[in-house]
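Below is one structure, written out as structure tokens; comments come after it.
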Amino acid sequence: MKVPFLQLLCLNAALASANVVKGAAQGFAAGVTGGGDITPSYPKTNEELVSLLESDEPQVVVLTKTFEFIGTEGTTTENGCAPWGTGKSCQLAINSNGWCGKNPVVTITYDNAAKNGIHIKSNKTLVGEGDKGVLSGKGLYFEGGVSNIIVQNIKITNLNPGFVWGGDAFTFFGADLIWIDHCETSLTGRQHYVTGFHPNTRMTWSNNFLNGVTTHSAGCDDHHYWTMELVGPGDQITFQNNYVYHTTGRGPALSGTTLFHAVNSVWSSIPGHAIEGGDKGRGLFEGCFFEDVVEIAPAKPENQLFSASEANAASCKSALGRACQANSYSKSGAFGSSETGFFKDFAGLTIAPAGSATDALAYVPKNCGIGRL
């Protein structure tokens with residue numbers, strides 16, 4: 001029996017951690033409770049917000065305004081570089097860890113706050129009220145084994161968009177049981193989502209808007225390149241009902257040994273490529289829609305990819321316990337990868353339900369991101 005797309009989104013809704021959270025995580029992060037039933041806190045200042053998120057106690061934190069971090073930690077002026085020229089729409093780069101190499105040297109000035117995210121600790125719920133919950137000039141950082149965290153209905157923006165290495169929206173460096181839902185990321189210096197060199201397990205990223213429209217880019221236009229760099233060993237990510245828009249690369253880069261289950265997500269307006277990475281990255285894509293994507297993935301990708309079609313959908317049963325939903329395409333390149341050798345790695349994980357790709361196209365772009373719960 002075919003389950004309607006909207007009904008899929010309502011499954012397990014009774015498991016929400018507190019009344020400020022809408023719905024419940026599906027996929028790998030199923031069961032996450034965040035701060036639980038703790039009485040919500042409504043911070044008024046940056047200092048109050050940081051203190052709550054970095055505390056060792058469970059917290060439910062509700063954002064009711066824009067928290068402006070730009071200028072709060074000063075600026076740095078130093079030598080950087082111009083890998084793509086100095087045109088008004090070209091990104092320059094911070095010389096992080098000697099990244100600039102032999103590229104032309106230029107003097108740059110960037111805001112310090114965006115380079116250092118808030119180090120959110122375990123058992124937290126962070127939720128925005130309506131469309132008001134915005135972090136401007138500061139991202140979130142999950143490290144050191146933190147677990148059981150919900151972030152829902154917020155926007156992270158203005159992270160030194162003119163500079164590569166200027167700031168990441170969501171950084172994961174050893175985390176478990178994390179649900180990122182209905183969030184928008186935009187105007188980042190580097191990645192919208194990045195996983196580091198420690199395992200990041202049981203994560204669900206759902207209903208998010210990865211907005212690639214930017215002021216400066218590696219292509220010297222308004223398409224952001226640095227989208228999702230996933231390099232953790234053994235990352236486990238359900239990528240459900242997300243909208244990747246107006247980017248040109250790394251969407252995602254499966255560069256570590258990430259297990260990436262993309263379900264009912266939409267990629268649109270991508271003049272470059274979407275998927276890349278190394279030979280150990282693993283990605284299953286089903287019920288997804290690719291619209292105006294010049295190159296979805298290389299014809300012979302290094303990584304292990306499975307793109308669901310009507311012809312191969314039944315082969316998913318060994319991994320997911322059900323057949324896959326076929327992907328769909330409009331004005332996009334081919335995506336014929338059918339590697340199944342990694343399907344055994346789904347054992348023991350909670351699998352998100354899937355609807356059709358055409359239903360995803362109709363629903364996801366209009367309902368993802370902040371203010372659309």
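Just so you know, glycine gets a Cβ as well, placed from its N, Cα and C.
In the three-state DSSP scheme, R250 (active site) falls into the coil class. What Swiss-Prot lists as active site is R250, and the listing cites sequence analysis.
The disulfide bond feature in Swiss-Prot is assigned to C81-C100 (among others). DSSP assigns C100 (disulfide bond) to coil in the three-state reduction, outside any helix or strand. In sequence order, G80, C81, P83, A93 constitute the residues six or more apart from C100 (disulfide bond) in its chain with CB-CB distances below 8 Å.
Annotation source Swiss-Prot lists disulfide bond at C90-C220 (among others). Under the DSSP three-state reduction, C90 (disulfide bond) is assigned to strand.
Shown in sequence order, L284, E286, F306, A308, R322, A323, C324, F343 are the residues of the chain, 6+ apart in sequence, with a C-beta less than 8 angstroms from the C-beta of C316 (disulfide bond). In the three-state DSSP scheme, C316 (disulfide bond) falls into the helix class. Swiss-Prot lists C316-C324 (among others) with the feature disulfide bond, giving similarity to another entry as the kind of evidence.
Sequence annotations record features per position, and here Swiss-Prot assigns N-linked glycosylation site to N123. Under 8 Å, Cβ to Cβ, and six or more positions away along its own chain, N123 (N-linked glycosylation site) finds T33, G34, G35, G36, E57, P58, Q59, S147, N148, I149.
Look at Swiss-Prot and you will find 1-18 tagged as signal peptide.
Sequence-distant neighbours of C220 (disulfide bond): residues of the same chain at least 6 apart with a C-beta under 8 Å from its C-beta are W84, G85, G87, S89, C90, Q91. N123 (N-linked glycosylation site) carries neither a helix nor a strand DSSP state and counts as coil.
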